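Database features, via Swiss-Prot:
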| type | residues | note |
| --- | --- | --- |
| BINDING | Asp81, Asp123, Lys124, Glu491 | Mg(2+) binding site |
| BINDING | Cys122, Cys195 | [2Fe-2S] cluster binding site |
| MOD_RES | Lys124 | N6-carboxylysine |
| ACT_SITE | Ser517 | active site, proton acceptor |
Amino acid sequence: MPKLRSATSTEGRNMAGARALWRATGVKDNDFGKPIIAISNSFTQFVPGHVHLKDMGSLVAGAIEEAGGIAKEFNTIAVDDGIAMGHGGMLYSLPSRELIADSVEYMVNAHCADALVCISNCDKITPGMLMASLRLNIPVIFVSGGPMEAGKTKLSDKLIKLDLVDAMVAGADERVSDADSEQIERSACPTCGSCSGMFTANSMNCLTEALGLSLPGNGSMLATHADRRELFLEAGRRIMDLATRYYKHDDESALPRNIANFKAFENAMTLDIAMGGSSNTVLHLLAAAQEAEVDFTMDDIDRLSRLVPHLCKVAPATPKYHMEDVHRAGGVMGILGELDRANLLHNDAYHVAGENLAAVLAKYDIAQSDDAAVRKFFSAGPAGIPTTKAFSQDCRWDSVDDDRQQGCIRSREFAFSQEGGLAVLSGNVAVDGCIVKTAGVEVENHTFIGSARVYESQDDAVAGILGGEVVAGDVVVIRYEGPKGGPGMQEMLYPTSYLKSRGLGTQCALITDGRFSGGTSGLSIGHVSPEAAAGGTIGLVQTGDRIEIDIPARSIKLAISDVELAARRTAMEALGNDAWKPLGRVRHVSMALKAYALLATSADKGAVRDTSKLV
């Protein structure tokens, strides 16, 4: 029978000092011997997705203590990618994922916690906590802060739905008046919560449901809705159940590596492709799989992308639907239910909400469940009242959206497309692959041939786009922005937004060894691997080269001869210490980021640390 990890610091005369310190935190005599449950909260006043999380730890702690455990909360950092974007702050976003993972490991192992509740929400926080959970392999459950309500405003007497990307595009579009731009800005992000579309934060919170590590509704229930309170309380109760199963009954199915196994990673990626999730999710799933010691690779993602249809289309791919609409249509369980009926899921995978995924779907998939409470749960809707408070409203839709022909979630027969929302491309530009969010690409752009316009940094690319250097037919190449070359693998939402604002959104392509915000749409190809700083071919592209992109064929090609490519590589290598470095780029890189770059791998490995360098 597994012994409580916390016994290391609570049992025996030699631990008198540790017990004295535990007592100083409020632990009583009759508490010793109970499981100690760590609550990793990511509350911060910097991030709208986290501004309402301050009291969530206490909520979860109360449920844990009622169920017979000891709850101890600590905090992690949380970077807001939207606020950090467009300047040097974005260099810190992806590296913060590793910092969060390490900080969770440090706190849990230093204090011998027995189990873990992860209160996350935004872009790098959920992945960082997921990596730590799978590294630690102790009972865990995730509960996120929930999505923001979609913005709404009237322009030209027409009610429109908005999100962060609309504000960014309008701000850079000279055709939009100052008054309209300000109105969009003030309306785009009305409440607390993670940005309202299928961007990275919401994509990752949805994927925790498919991985089996969070409760139904975690990815879609609005941050403002009163029903979300119960998710936090139930997370506290469930973690005690998981801890009891493992420590008292030796049930290893309660451990995260047995829940998030290969089948679960396939389920999560299948969901991701079906819902057109953020391309960043590929990066994070690959990283999490390595922590779980699961052999899940880009080859698996490529294979699944050819099988899975696009069943749910959400902003930024369409202005019609946001996360509040996904929830009304049955949330993640609604999408998984359709995938299950299409025989595309492993429904025998374990799940924290039930015996296995099949049992959870039987209750929570609105297309098959007749549970009135479940239908009421998915009727939770927005109030349209600006607020930073959680659980501040209890508005409901008149009915759920169970229209699988023309609704937000479709059956396979009526899919938005029979090919999914993400694809892996490869070719001489990206020998180890790259990622495109096909859900956001117009069909006429699925094949594209253009002339390369090369930039050594995101900043130079932005200047080129806004300065009129980039014209229709160009393939904008932004390199040395990968995990090592940036360092930090910046998101390229500003370049893509500015292309749209200049009317070039469907007239140009963009490829980069950096990455894209979940808010990106258009022919935007990221995660090019190997990255330029690691000797990738993208570092050899020259302005004027022809680049051929063919999404149906899953290919991306630099149209020069192998002889010419080899000659360019030889010339680059001849530069010695100056090889594979950006020409003329001026960028201050802090010591912390230099340390990150030393161990960073390219995106096809999830941009995790190359631990072989530590041997």
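Here the Cβ of each residue, glycine as well, is placed from N, Cα and C on the backbone.
Non-local contacts of Asp123 (Mg(2+) binding site) by the CB criterion (under 8 A, 6+ apart in sequence, same chain) comprise Val79, Asp81, Ser93, Phe199, Thr200, Ala201, Met204, Asn280, Gly518. DSSP assigns Asp81 (Mg(2+) binding site) to a helical segment in the three-state reduction.
Ranking the binding-site residues Cys122, Cys195 by how many other Cβ atoms lie within 10 angstroms of each Cβ puts Cys122 at the bottom. Taking the Cα atom of each, Cys195 ([2Fe-2S] cluster binding site) and Glu491 (Mg(2+) binding site) are about 16 angstrom apart. Surrounding the centroid of the Cβ atoms of Asp81, Asp123, Lys124, Glu491, where the record places Mg(2+), the chain contributes additional residues within 8 Å, namely Val79, Ala84, Met90, Ser93, Leu94, Cys122, Thr200, Ala201, Asn280, Ser517. Cα to Cα, Cys122 ([2Fe-2S] cluster binding site) and Ser517 (active site, proton acceptor) are separated by 12 Å.
Note: the Cα of the residue listed as 'active site, proton acceptor' and the Cα of Lys124 (Mg(2+) binding site) are spaced 12 Å from each other. The local packing around Lys124 (Mg(2+) binding site), expressed as other Cβ atoms within 10 Å of its Cβ over all shown chains, amounts to 28. The secondary structure of Glu491 (Mg(2+) binding site), as reduced to three states from DSSP, is extended strand. In the shown protein chains, 30 other C-beta atoms lie within 10 A of the C-beta of Ser517 (active site, proton acceptor).
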